[in-house]
Amino acid sequence: MPSDFFLQPLDGGPRVPVGPGQTVIGRGPLLGITDKRVSRRHAILEVVDSQLRIKPIHRNPCFYQSSEKSQHSPMETQVWSQLHPGDSFSLLLDKYAFRVFSAESEVEMECTLRNSQMLDEDDILSEMQKSPVVNLPDKTTGASQLQGSPEITKTKCPTIDPMSSSGECRAFSEHQPRPTQRKRILPAWMLAESLSDQSLSTPAEGGDKDVIQRSGKAGTCEDRTPGNTSWHGKKRLSPSGNSKSVSAEQDPGKKCRKADQEGPGVSSENVPESSSSNIVKDPDVDIVKTNKQKDGILIEELGEVSKHKAATKPTTNEEGESCARVQSKSPPEKSQGCHPESSSAPSSPDALHTDTADPVLGCSEESKVRRTACMYGANCYRRNPLHFQHFSHPGDSDYGEVHGTDEGVIGDRPECPYGASCYRKNPQHKMEYRHSALPARVALDEDDDDVGQPSDDEDEEDYEPTDEDSDWHPGKDDEEQEDVDELLKEAKSSLHLKH
């Protein structure tokens, strides 16, 4: 039989149905209360004639609150009190409050909710029917404005100057697609550089001599064709009106470093005077600069290879001859590194330092300190480059020369106590100790009876016998010998008696 009443906890939780008849409520699983202040038999609920009533049976009172009042009032014990739908009661003053619901009240509440929802929907529909009449002009005007805005953007944005940056133009330009081609605007420092290039290119009208002198000061290469070098500088003068441009056609491996360092000087001659006010021709300057950077990288790599070859060439005679050979086989700039006073415009200090240091390294290879031999030899498993710099291994030119003989080792070392007869095979031991042959001992005379006595070259005063220090007594040895003989005789006699 379905229950007519339900208890809804105000603190949250599932509803508790109240069956017909009496129901004891309190601490337990029915209401989910575990507080010790609530008794297991705290009150009794009873359903009589479709009405619910409560009777407190514990000394701690229960509290009642009607749907019309906002305060809890204590109920008398052992007295029945009616509970109507919507009323609430609590087992304690501040906790465990429950509200009473009935099935009929639930149906009535659902009906009222449906009615209220229907009324709300009717109100909304009536408002919606009235609102289009009032709001249609606004919507139509808004739509017309939205439709007209693309036309405004199309008509207004192209007419606005691109240099003027205003907030309205930016807002309209966001809707407009970006053009495929855009005019390039160079920064101020590039414009200043182009003007300086033009000012440098104007004195080129004086003649070919001025151009050649200026290119020499700027660091361009002159025509040099030595027998053993592969450096070729080609110059070509192209007369064009009032000005003459000098263009150096050089391969990536045949371009001098000075021309790369003095980039503005060369670019000033390549830029004609007609490009004084045009900004469109400025990308050519960028192309020239990128080509120069690529050529400079290749030149530096080739320069390092040539320096390495020049530094590693063997020197057969004196240091002066080897330096002269390095100068003759190196490019012209390398010879300028050996003799800086001969060059009119030296290059950067770093390049000059490296050029002057490489021949010195090549000349000083003869006086290189030999490395010590590794104690592990061919069985060495180390791969550290520093280890190979300090120690030599089998296959190296200086391996085996350090510890092969004791005479070739430089430095003072202690003498091995075993000398030449040392049986140790550790090369580290041979490097740390000398193994020279011990001097032959002086042969003693066969007729010499003074064995164990001090030699003649020592002082006789140190070995003079004295009565005080001597422990020798003449009579003691004879007495000891007699005692030994007596003991032997006694032993023999005892043996004969036993047999």
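The backbone N, Cα and C atoms fix where each Cβ goes, glycine too.
Within the domain 'FHA-like' (1-108), the DSSP-based counts of helix, strand and coil residues read 6 helix, 44 strand, 58 coil. If you look up Swiss-Prot, you'll see 1-108 marked as domain 'FHA-like'.
According to Swiss-Prot, the region 'Disordered' annotation covers 134-183 (among others).
Per Swiss-Prot, compositional bias 'Polar residues' is recorded for 141-152 (among others).
Summarising the annotation, Swiss-Prot assigns motif 'KBM' to 182-191 and lists similarity to another entry as the type of evidence.
Here Swiss-Prot flags 197-292 (among others) as region 'Disordered'.
Under the heading compositional bias 'Polar residues', Swiss-Prot lists 239-248 (among others).
The compositional bias 'Low complexity' feature in Swiss-Prot is assigned to 264-278 (among others).
Under the heading region 'Disordered', Swiss-Prot lists 305-358 (among others).
Per Swiss-Prot, compositional bias 'Low complexity' is recorded for 340-349 (among others).
Annotation comment: Swiss-Prot describes Arg371, Tyr376, Tyr381, Arg382, Tyr418, Tyr423, Arg424 as glycoprotein binding site.
The feature region 'Flexible linker' is assigned by Swiss-Prot to 401-411. Per-residue pLDDT, averaged across the region 'Flexible linker' (401-411), gives 46.
Among the features that Swiss-Prot reports, region 'Disordered' is placed at 440-499 (among others).
Annotation comment: Swiss-Prot describes 445-470 as compositional bias 'Acidic residues'.
Residues or ranges marked as motif 'NAP1L motif' in Swiss-Prot: 463-487.
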Residue distribution over DSSP helix, strand and coil in the motif 'KBM' (182-191):
4 helix, 0 strand, 6 coil
